[in-house]
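Working notes for the structure below.
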(Lines of atoms letter the chains of each structure in order from A and count residues from 1; the text may use other names and numbers.)
(Lines give C-alpha, C1' and ligand atoms only; values in the text may rest on other atoms or scores of the structure.)
Protein backbone atom coordinates (compact mmCIF):
# COMPACT_ATOMS: atom_id res chain seq x y z
CA UNK A 1 0.00 0.00 0.00
CA UNK A 2 2.84 2.34 0.92
CA UNK A 3 4.61 1.54 -2.34
CA UNK A 4 1.43 2.35 -4.31
CA UNK A 5 1.07 5.71 -2.55
CA UNK A 6 4.70 6.50 -3.29
CA UNK A 7 4.17 5.80 -6.97
CA UNK A 8 1.11 8.07 -7.04
CA UNK A 9 3.07 10.83 -5.30
CA UNK A 10 5.94 10.46 -7.77
CA UNK A 11 3.57 10.69 -10.76
CA UNK A 12 1.93 13.82 -9.35
CA UNK A 13 5.33 15.37 -8.71
CA UNK A 14 6.43 14.67 -12.30
CA UNK A 15 3.21 16.20 -13.65
CA UNK A 16 3.62 19.32 -11.53
CA UNK A 17 7.27 19.73 -12.46
CA UNK A 18 6.48 19.00 -16.12
CA UNK A 19 3.80 21.67 -16.26
CA UNK A 20 6.02 24.15 -14.47
CA UNK A 21 8.93 23.35 -16.78
CA UNK A 22 6.72 23.94 -19.83
CA UNK A 23 5.60 27.26 -18.39
CA UNK A 24 9.16 28.24 -17.56
CA UNK A 25 10.42 27.38 -21.05
CA UNK A 26 7.51 29.21 -22.66
CA UNK A 27 8.22 32.29 -20.53
CA UNK A 28 11.91 32.18 -21.48
CA UNK A 29 10.98 31.89 -25.16
CA UNK A 30 8.65 34.90 -24.95
CA UNK A 31 11.21 36.96 -23.03
CA UNK A 32 13.69 36.39 -25.89
CA UNK A 33 11.33 36.46 -28.89
CA UNK A 34 9.40 39.64 -28.06
CA UNK A 35 12.46 41.90 -27.64
CA UNK A 36 13.99 40.37 -30.76
CA UNK A 37 10.85 41.02 -32.83
CA UNK A 38 10.64 44.57 -31.46
CA UNK A 39 14.28 45.09 -32.41
CA UNK A 40 13.64 43.86 -35.97
CA UNK A 41 10.58 46.11 -36.28
CA UNK A 42 12.54 49.13 -35.03
CA UNK A 43 15.42 48.35 -37.39
CA UNK A 44 12.97 48.07 -40.32
CA UNK A 45 11.37 51.37 -39.29
CA UNK A 46 14.76 53.11 -39.31
CA UNK A 47 15.63 51.63 -42.72
CA UNK A 48 12.27 52.69 -44.15
CA UNK A 49 12.75 56.21 -42.79
CA UNK A 50 16.28 56.33 -44.23
CA UNK A 51 15.18 55.27 -47.73
CA UNK A 52 12.23 57.70 -47.72
CA UNK A 53 14.57 60.55 -46.76
CA UNK A 54 16.98 59.53 -49.51
CA UNK A 55 14.16 59.44 -52.09
CA UNK A 56 13.05 62.95 -51.12
CA UNK A 57 16.65 64.18 -51.25
CA UNK A 58 16.98 62.75 -54.78
CA UNK A 59 13.84 64.61 -55.89
CA UNK A 60 11.38 61.68 -55.72
CA UNK A 61 8.68 63.66 -53.94
CA UNK A 62 5.66 61.57 -54.94
CA UNK A 63 5.84 58.18 -53.23
CA UNK A 64 3.22 55.42 -53.43
CA UNK A 65 3.32 52.48 -51.02
CA UNK A 66 2.94 49.09 -52.63
CA UNK A 67 2.48 45.51 -51.49
CA UNK A 68 4.49 44.78 -48.36
CA UNK A 69 7.26 47.37 -48.19
CA UNK A 70 7.49 48.00 -51.93
CA UNK A 71 7.20 51.52 -53.29
CA UNK A 72 6.85 53.49 -56.51
CA UNK A 73 8.32 57.02 -56.44
CA UNK A 74 8.31 59.78 -59.08
CA UNK A 75 10.74 62.61 -59.79
CA UNK A 76 8.67 65.05 -61.84
CA UNK A 77 11.54 67.43 -62.64
CA UNK A 78 13.44 64.86 -64.71
CA UNK A 79 10.49 62.58 -65.61
CA UNK A 80 11.87 59.44 -63.95
CA UNK A 81 10.55 56.91 -61.47
CA UNK A 82 11.98 54.36 -59.05
CA UNK A 83 10.46 51.07 -57.99
CA UNK A 84 11.93 49.20 -55.06
CA UNK A 85 11.56 48.10 -51.45
CA UNK A 86 11.71 50.40 -48.43
CA UNK A 87 13.77 47.84 -46.49
CA UNK A 88 16.40 47.40 -49.22
CA UNK A 89 18.78 49.64 -51.14
CA UNK A 90 17.98 47.86 -54.42
CA UNK A 91 15.67 49.61 -56.89
CA UNK A 92 14.79 49.88 -60.59
CA UNK A 93 14.98 53.37 -62.11
CA UNK A 94 13.85 54.47 -65.57
CA UNK A 95 12.11 57.19 -67.54
CA UNK A 96 8.39 57.60 -66.93
CA UNK A 97 7.99 56.54 -70.55
CA UNK A 98 8.82 52.98 -69.38
CA UNK A 99 5.42 52.87 -67.68
CA UNK A 100 3.20 51.95 -70.58
CA UNK A 101 -0.11 51.34 -68.80
CA UNK A 102 -1.82 51.56 -65.43
CA UNK A 103 -5.27 50.72 -64.11
CA UNK A 104 -7.38 50.64 -60.96
CA UNK A 105 -9.09 47.38 -60.03
CA UNK A 106 -11.49 46.79 -57.15
CA UNK A 107 -14.29 44.60 -55.86
CA UNK A 108 -17.55 46.34 -55.04
CA UNK A 109 -19.78 45.20 -52.17
CA UNK A 110 -22.97 47.14 -51.34
CA UNK A 111 -21.82 50.08 -53.46
CA UNK A 112 -18.51 50.22 -51.59
CA UNK A 113 -15.15 49.71 -53.27
CA UNK A 114 -13.09 47.14 -51.39
CA UNK A 115 -9.72 45.51 -52.12
CA UNK A 116 -8.58 48.49 -54.19
CA UNK A 117 -5.51 47.72 -56.28
CA UNK A 118 -3.55 49.96 -58.66
CA UNK A 119 -1.55 47.98 -61.22
CA UNK A 120 1.27 49.86 -62.97
CA UNK A 121 2.84 48.10 -65.97
CA UNK A 122 6.57 48.67 -66.47
CA UNK A 123 8.58 47.91 -69.62
CA UNK A 124 11.07 45.62 -67.94
CA UNK A 125 11.06 41.83 -68.11
CA UNK A 126 12.52 41.37 -64.62
CA UNK A 127 10.28 44.07 -63.12
CA UNK A 128 7.09 43.91 -65.22
CA UNK A 129 4.59 45.54 -62.88
CA UNK A 130 4.00 47.19 -59.53
CA UNK A 131 0.89 46.74 -57.39
CA UNK A 132 -0.38 49.36 -54.93
CA UNK A 133 -2.88 48.04 -52.37
CA UNK A 134 -5.49 50.18 -50.59
CA UNK A 135 -7.84 47.49 -49.24
CA UNK A 136 -11.02 49.21 -48.00
CA UNK A 137 -9.53 52.71 -47.93
CA UNK A 138 -11.51 54.16 -50.83
CA UNK A 139 -10.75 57.79 -49.93
CA UNK A 140 -6.99 57.30 -49.94
CA UNK A 141 -7.22 55.30 -53.17
CA UNK A 142 -9.16 58.08 -54.90
CA UNK A 143 -6.64 60.73 -53.80
CA UNK A 144 -3.66 58.68 -54.96
CA UNK A 145 -5.40 57.76 -58.22
CA UNK A 146 -5.79 61.48 -58.96
CA UNK A 147 -2.08 61.99 -58.20
CA UNK A 148 -1.14 59.09 -60.47
CA UNK A 149 -3.22 60.45 -63.34
CA UNK A 150 -1.72 63.92 -62.89
CA UNK A 151 1.78 62.49 -63.27
CA UNK A 152 0.96 61.19 -66.74
CA UNK A 153 -1.31 63.99 -67.92
CA UNK A 154 0.07 67.27 -66.64
CA UNK A 155 1.89 69.09 -69.45
CA UNK A 156 5.20 69.78 -67.75
CA UNK A 157 8.01 70.47 -70.17
CA UNK A 158 10.41 67.63 -69.46
CA UNK A 159 7.83 64.86 -69.63
CA UNK A 160 6.61 66.25 -72.94
CA UNK A 161 10.17 66.04 -74.23
CA UNK A 162 10.53 62.46 -73.07
CA UNK A 163 7.12 61.05 -73.94
CA UNK A 164 5.39 63.22 -76.54
CA UNK A 165 7.96 64.72 -78.92
CA UNK A 166 7.27 62.59 -81.99
CA UNK A 167 9.88 64.40 -84.07
CA UNK A 168 12.59 63.10 -81.74
CA UNK A 169 11.13 59.62 -81.33
CA UNK A 170 13.71 56.86 -81.43
CA UNK A 171 12.41 53.38 -82.13
CA UNK A 172 13.53 50.09 -80.65
CA UNK A 173 12.45 48.21 -83.77
CA UNK A 174 11.51 48.81 -87.38
CA UNK A 175 9.30 45.95 -88.57
CA UNK A 176 9.73 44.92 -92.19
CA UNK A 177 6.98 42.57 -93.33
CA UNK A 178 4.55 41.68 -96.08
CA UNK A 179 1.02 43.01 -95.59
CA UNK A 180 -0.40 39.53 -96.22
CA UNK A 181 1.17 38.43 -92.91
CA UNK A 182 -0.41 41.19 -90.81
CA UNK A 183 -3.44 39.26 -89.56
CA UNK A 184 -1.75 35.90 -89.04
CA UNK A 185 1.36 37.08 -87.20
CA UNK A 186 2.54 40.71 -87.49
CA UNK A 187 -0.34 42.49 -85.77
CA UNK A 188 -0.47 40.07 -82.78
CA UNK A 189 3.31 40.47 -82.41
CA UNK A 190 3.05 44.27 -82.49
CA UNK A 191 0.25 44.20 -79.91
CA UNK A 192 2.35 42.07 -77.57
CA UNK A 193 5.43 44.30 -78.04
CA UNK A 194 3.31 47.37 -77.31
CA UNK A 195 2.08 45.70 -74.13
CA UNK A 196 5.70 45.23 -73.07
CA UNK A 197 6.41 48.91 -73.71
CA UNK A 198 8.62 48.46 -76.76
CA UNK A 199 8.71 51.45 -79.15
CA UNK A 200 8.04 50.28 -82.71
CA UNK A 201 7.98 51.75 -86.19
CA UNK A 202 4.99 49.95 -87.66
CA UNK A 203 3.05 51.38 -90.59
CA UNK A 204 -0.42 50.97 -89.04
CA UNK A 205 0.45 52.94 -85.92
CA UNK A 206 3.12 55.30 -87.30
CA UNK A 207 1.92 56.56 -90.69
CA UNK A 208 -0.89 59.10 -91.01
CA UNK A 209 -2.97 60.15 -94.00
CA UNK A 210 -0.90 62.26 -96.38
CA UNK A 211 2.48 61.01 -95.14
CA UNK A 212 5.12 60.15 -97.70
CA UNK A 213 5.54 56.39 -97.46
CA UNK A 214 9.10 56.33 -98.79
CA UNK A 215 10.29 59.27 -96.66
CA UNK A 216 8.72 57.89 -93.45
CA UNK A 217 10.13 54.43 -94.02
CA UNK A 218 13.59 55.96 -94.53
CA UNK A 219 13.16 57.92 -91.31
CA UNK A 220 12.01 54.83 -89.42
CA UNK A 221 14.94 52.81 -90.73
CA UNK A 222 17.41 55.47 -89.60
CA UNK A 223 15.88 55.98 -86.15
CA UNK A 224 15.39 52.33 -85.20
CA UNK A 225 17.98 50.41 -83.22
CA UNK A 226 17.05 47.15 -84.92
CA UNK A 227 15.17 45.93 -87.94
CA UNK A 228 12.86 42.96 -87.40
CA UNK A 229 12.57 41.17 -90.73
CA UNK A 230 9.62 38.78 -90.86
CA UNK A 231 10.63 36.34 -93.57
CA UNK A 232 7.78 34.47 -95.21
CA UNK A 233 6.81 33.35 -98.69
CA UNK A 234 4.85 36.58 -99.01
CA UNK A 235 7.91 38.61 -98.00
CA UNK A 236 10.16 36.94 -100.57
CA UNK A 237 7.79 37.90 -103.39
CA UNK A 238 7.70 41.64 -102.57
CA UNK A 239 9.84 44.39 -104.10
CA UNK A 240 9.14 46.94 -101.38
CA UNK A 241 10.35 44.66 -98.59
CA UNK A 242 13.55 44.13 -100.58
CA UNK A 243 14.16 47.90 -100.46
CA UNK A 244 13.75 47.89 -96.66
CA UNK A 245 16.00 44.86 -96.31
CA UNK A 246 18.73 46.42 -98.47
CA UNK A 247 18.66 49.54 -96.28
CA UNK A 248 19.00 47.45 -93.13
CA UNK A 249 21.86 45.40 -94.57
CA UNK A 250 23.71 48.58 -95.55
CA UNK A 251 23.41 49.79 -91.96
CA UNK A 252 24.50 46.44 -90.56
CA UNK A 253 27.73 46.54 -92.58
CA UNK A 254 28.86 49.69 -90.73
CA UNK A 255 27.41 48.91 -87.29
CA UNK A 256 28.98 46.54 -84.76
CA UNK A 257 25.59 45.78 -83.19
CA UNK A 258 23.30 43.11 -84.59
CA UNK A 259 21.02 45.36 -86.62
CA UNK A 260 18.88 42.71 -88.33
CA UNK A 261 16.74 40.32 -86.30
CA UNK A 262 15.11 37.74 -88.61
CA UNK A 263 11.91 35.88 -87.81
CA UNK A 264 11.08 32.89 -89.99
CA UNK A 265 7.32 32.67 -90.50
CA UNK A 266 6.22 29.38 -92.10
CA UNK A 267 9.46 29.12 -94.05
CA UNK A 268 12.55 26.91 -93.82
CA UNK A 269 16.31 27.44 -93.95
CA UNK A 270 16.67 26.23 -97.54
CA UNK A 271 14.11 28.75 -98.80
CA UNK A 272 15.75 31.59 -96.86
CA UNK A 273 19.17 30.62 -98.20
CA UNK A 274 17.94 30.84 -101.80
CA UNK A 275 16.70 34.35 -101.10
CA UNK A 276 19.65 35.67 -99.04
CA UNK A 277 22.75 33.89 -97.77
CA UNK A 278 23.27 36.84 -95.42
CA UNK A 279 19.96 36.21 -93.67
CA UNK A 280 20.33 32.44 -93.73
CA UNK A 281 23.53 32.73 -91.66
CA UNK A 282 21.83 34.74 -88.93
CA UNK A 283 20.26 33.22 -85.84
CA UNK A 284 16.50 33.52 -86.27
CA UNK A 285 13.36 33.08 -84.19
CA UNK A 286 10.89 30.72 -85.84
CA UNK A 287 7.11 30.89 -85.52
CA UNK A 288 6.99 27.11 -85.87
CA UNK A 289 8.95 26.77 -82.61
CA UNK A 290 7.87 29.74 -80.50
CA UNK A 291 4.59 31.44 -79.67
CA UNK A 292 3.95 35.13 -80.33
CA UNK A 293 4.39 35.91 -76.62
CA UNK A 294 7.69 34.03 -76.45
CA UNK A 295 9.03 35.83 -79.52
CA UNK A 296 7.89 39.22 -78.17
CA UNK A 297 9.59 38.54 -74.85
CA UNK A 298 12.89 37.67 -76.56
CA UNK A 299 12.73 40.84 -78.66
CA UNK A 300 11.79 43.00 -75.67
CA UNK A 301 14.83 41.80 -73.74
CA UNK A 302 17.04 42.84 -76.67
CA UNK A 303 15.39 46.28 -76.77
CA UNK A 304 15.81 46.86 -73.02
CA UNK A 305 19.52 45.96 -73.12
CA UNK A 306 20.15 48.45 -75.94
CA UNK A 307 18.42 51.41 -74.24
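Just so you know, glycine gets a Cβ as well, placed from its N, Cα and C.
The active site annotation in Swiss-Prot covers 244 and is backed by sequence analysis.
What Swiss-Prot records for 178, 179, 208 is NAD(+) binding site. Reduced to three states, the DSSP call for residue 179 (NAD(+) binding site) is helix.
The feature domain 'TIR' is assigned by Swiss-Prot to 169-303, with sequence analysis given as support.
Taken from Swiss-Prot, the feature transmembrane segment covers 22-42, and the record attributes it to sequence analysis.
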So residue 179 (NAD(+) binding site), by the Cβ count within 10 Å over all chains shown, scores 13
What mean pLDDT score does the domain 'TIR' (169-303) have in the model?
79
